[in-house]
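One structure below.
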Amino acid sequence: MRLVFAGTPEVAVPSLDALLASEHEVVAVVTRPDAAAGRGRRLVASPVARRAAEAGIEVLKPARADDPAFLDRLRELAPDCCPVVAYGALLRQEALDIPRYGWVNLHFSLLPAWRGAAPVQHAILHGDDITGATTFQIERELDAGPVYGTVTEPIGPRDTSGDLLERLAKSGAELLVRTIDGIAKNELVPRPQGSEGVSYAPKLTPDDARVDFTAPALRVDRLIRACTPAPGAWTRFRGTRIKLGPVEPLPDAAPLPPGQLVATSRDVLVGTATHPVRLGEVQPQGKKAMPAADWARGARIGDGERFGDD
């Protein structure tokens, strides 16, 4: 089949590569416009745009998905199907109607659970043991179209959202190719999503990523892992923001008041509402990430100092 692939971030690149290696023809990609990045705020093409350029494929970067020039070019390309992975913009009905077999989205949850922009983060945040990826036909309602297929993935006790997304990007790419193969051979009929088990996963903001050490250790651990690498968990120390990497809950350790820091030559412990957690890496404002023990030696943490104090 003739395909136009839509995607933007790094997590979409394995799917593009898998489709390029398949028997189908990727005639173009659609991605978000170049965005400012780095300290110099220089415009940088998306990972999908860069990969497509390497492969010699036409790249479309509409500012709006209903841009008339974009829609005209999409019609000229005459795709049979448009696979989508984390494109990052809502598609209008006029665009949805162009390909003969519609737009097929790869979503990183087991729908109807965790519809929305941050399914992996919410799966970790809420303590799910299993997640996965789903291919489905895009319709106007968010992530609610009929399902072609799924693949499951266990969530490990130390998984971050970055770890989990990396695995799902690979297994999801294989699922997407199998789905496109099945559609091309008229072997797949999508099934409607059920009305039970629907949940939503809105994008996590920096405010959502602030760690509350008056919460139980389990919740602190899940929040930090869910927000790693993005948007990045953080707290405040001596009036400045400090980012926190994943922690290790210590259920057998002596309790500490929430947020209170205790540093040894090897470890830094922080109190929560239940038991302490051991810090891994921290990143003080304006500095690079470093082991928590190195940070504590440089900061010369005093008795009774705590995270969260402004």
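Backbone N, Cα and C atoms are what each Cβ position is placed from, and that goes for glycine too.
Annotated range for region 'Disordered' in Swiss-Prot, selecting from 171-198, 283-310: 283-310.
Within the same chain, the residues at least 6 positions away from Leu110 ((6S)-5,6,7,8-tetrahydrofolate binding site) whose Cβ sits under 8 Å from its Cβ are Ile130, Thr131, Gly132, Ala133, Thr134, Thr150, Thr152, listed in sequence order.
The Cβ of Pro112 ((6S)-5,6,7,8-tetrahydrofolate binding site) lies under 8 Å from the Cβ of Asp143, Ala144, Gln193, Gly194, Ser195, Glu196, Gly197, Val198, Ser199, each of these being in the same chain and 6 or more residues away along the sequence. Sequence-distant neighbours of Ser109 ((6S)-5,6,7,8-tetrahydrofolate binding site) (same chain, 6+ apart, CB under 8 A from its CB) are Arg115, Pro119, Val120, Ala123, Thr131, Gly132, Ala133, Thr134, Ala201.
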